[in-house]
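Feature list (source: TrEMBL):
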- B:12, B:92, B:189: [4Fe-4S] cluster binding site (BINDING)
- B:36, B:70, B:120, B:217, B:218, B:219, B:261: dimethylallyl diphosphate binding site (BINDING)
- B:36, B:70, B:120, B:161, B:217, B:218, B:219, B:261: (2E)-4-hydroxy-3-methylbut-2-enyl diphosphate binding site (BINDING)
- B:36, B:70, B:120, B:217, B:218, B:219, B:261: isopentenyl diphosphate binding site (BINDING)
- B:122: active site, proton donor (ACT_SITE)
């Protein structure tokens with residue numbers, strides 16, 4: 001089976017940076033999964049003894065705690081800093097930006113709209129920076145705005161870094177006619193765009209698309225959705241063990257892309273396996 | 001001929017206010033046409049001796065000068081105030097708002113995009129409030145943004161009060177993906193929306209549409225365009241003298257609307273004439 005890789009795929013700047021930080025701090029622990037990729041988290045555990053805490057209660061004195069790329073809520077950070085632990089911040093700078101925007105806009109009396117998944121750690125972190133938690137709204141669809149009563153006629157809006165820009169524009173377009181001022185911050189990450197555009201192009205020319213990434217990764221799921229628009233035989237998998245030879249029957253060209261949290265060594269194993277079919 | 005008036009038409013708040021001001025200041029002169037309606041300007045001249053100046057050079061000592069609803073450029077205002085004349089400001093408050101927004105945003109180092117007609121007096125006035133005239137861009141189409149080099153990555157955008165919101169959103173949608181922050185001020189006037197929505201509805205149910213207003217009035221021309229979308233037999237006229245009986249042959253119901261600068265007494269004459277057919 002012939003394989004063609006997307007012109008842009010895999011690790012983004014923030015993930016590369018976080019992994020480098022984790023490798024520098026052996027015997028530390030991350031607060032929440034560092035990135036959305038269990039294979040890489042296992043590698044960091046095995047090769048660098050970087051552990052994983054899921055709650056502040058697990059933090060012990062003298063621990064070195066690495067804050068995940070998605071960031072953590074403001075109050076968790078405050079509580080963590082109050083403990084007798086060393087705190088290393090691996091929050092992606094592109095996530096720190098919307099956190100600071102929400103803080104500033106909220107202080108300047110803008111109502112806040114966040115386009116994102118309300119349970120996503122990045123969104124929970126960003127949302128926590130609003131002064132007034134009753135005037136920050138996390139939505140996914142323009143219709144979600146219908147029953148919202150904003151405190152102010154000035155709205156500031158930001159998007160989860162991995163969301164689709166088209167939907168963000170739909171939300172913005174719904175906000176503008178109803179409000180005096182809408183301050184639109186383009187917080188969607190370019191790396192996400194680039195991987196998405198490349199997946200779109202590649203999926204048009206192949207018989208089968210493989211998207212490699214975490215099943216709970218927002219940007220990976222979007223790569224799958226984009227691929228499916230052009231190539232019905234698109235599959236999401238975390239590593240080469242999930243490949244099924246049956247998928248490749250009567251296919252000639254296999255496109256491969258990977259989410260922003262997928263390490264190159266995982267991608268390479270998938271490529272090798274598919275080429276062997 | 002049966003006539004049906006749009007549910008909303010004619011004079012807006014700013015025009016009513018300006019005419020009231022002009023009637024209060026008999027023997028004054030307006031700087032530029034007070035509103036875009038020659039019939040009303042003639043009435044103010046005949047009944048209140050309100051004259052019309054087209055240039056600052058015409059201003060004489062002790063004149064009372066009324067600033068038109070569309071406003072005038074900042075420097076003209078400054079020069080006017082330096083003369084020995086009494087200045088009465090009839091600029092519509094909805095036009096003063098974008099003037100002040102441009103002034104503030106420009107001072108805060110935002111590049112400015114104005115959606116509007118570059119020769120329209122309102123736009124010339126609003127534009128003049130930018131600190132840096134090389135970093136304020138007046139455009140009509142999203143494509144007009146293609147070759148613009150903004151000074152900043154933060155853009156503030158405002159619209160001429162009488163423009164269509166749909167096109168404004170297209171422009172905003174083109175700006176957002178390319179800039180870090182787009183501050184969208186919804187400066188399109190509600191009165192314009194209301195007259196437009198009413199014209200849209202009415203034009204669907206009539207055989208012929210008459211739009212009454214100034215031939216150089218932006219909002220009147222838009223009412224005509226909207227009417228034409230649903231009713232091919234739509235006509236723009238300034239007063240009843242332009243009516244042509246031939247238009248009404250084999251027609252049953254005539255819809256009538258009027259631009260924001262059209263006085264009721266002009267509308268009534270048209271209604272009477274059409275009903276007589």
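Each Cβ is built from the backbone N, Cα and C atoms, and glycine gets one as well.
Note that this is a predicted model, so its numbers are computed, not measured.
Note: the CA-CA distance between residue B:92 ([4Fe-4S] cluster binding site) and residue B:70 (dimethylallyl diphosphate binding site) rounds to 7 Å.
Of the listed binding-site residues, namely B:36, B:70, B:120, the sparsest CB environment within 10 A is found at B:120. It is B:218, among the binding-site residues B:161, B:218, whose Cβ has the fewest other Cβ atoms within 10 Å in the structure shown.
Here isopentenyl diphosphate is bound by B:36, B:70, B:120, B:217, B:218, B:219, B:261 per the record. The longest Cα to Cα distance in that group is 15 Å. Of the candidate binding-site residues, B:36, B:218, B:219, the one lying closest to residue B:189 ([4Fe-4S] cluster binding site) when CA atoms are compared is B:219.
On a Cα basis, residue B:161 ((2E)-4-hydroxy-3-methylbut-2-enyl diphosphate binding site) lies 11 Å away from residue B:120 (dimethylallyl diphosphate binding site).
Cα of residue B:70 (dimethylallyl diphosphate binding site) to Cα of residue B:12 ([4Fe-4S] cluster binding site): a distance of 13 Å. Around residue B:122 (active site, proton donor), the same-chain residues at least 6 positions away in sequence with a Cβ under 8 Å from its Cβ are B:70, B:71, B:95, B:116, B:160, B:161, B:162. Other residues of the same chain near the (2E)-4-hydroxy-3-methylbut-2-enyl diphosphate site, with their Cβ within 8 Å of the Cβ centroid of B:36, B:70, B:120, B:161, B:217, B:218, B:219, B:261, are B:35, B:122, B:162, B:214, B:220, B:259, B:260. In terms of Cα distance, the binding-site residues that sit within 10 Å of residue B:12 ([4Fe-4S] cluster binding site) are B:261, chosen from B:36, B:217, B:218, B:219, B:261. The binding-site residues considered are B:217, B:219, B:261; of these, B:217 has the fewest other C-beta atoms within 10 angstroms of its C-beta.
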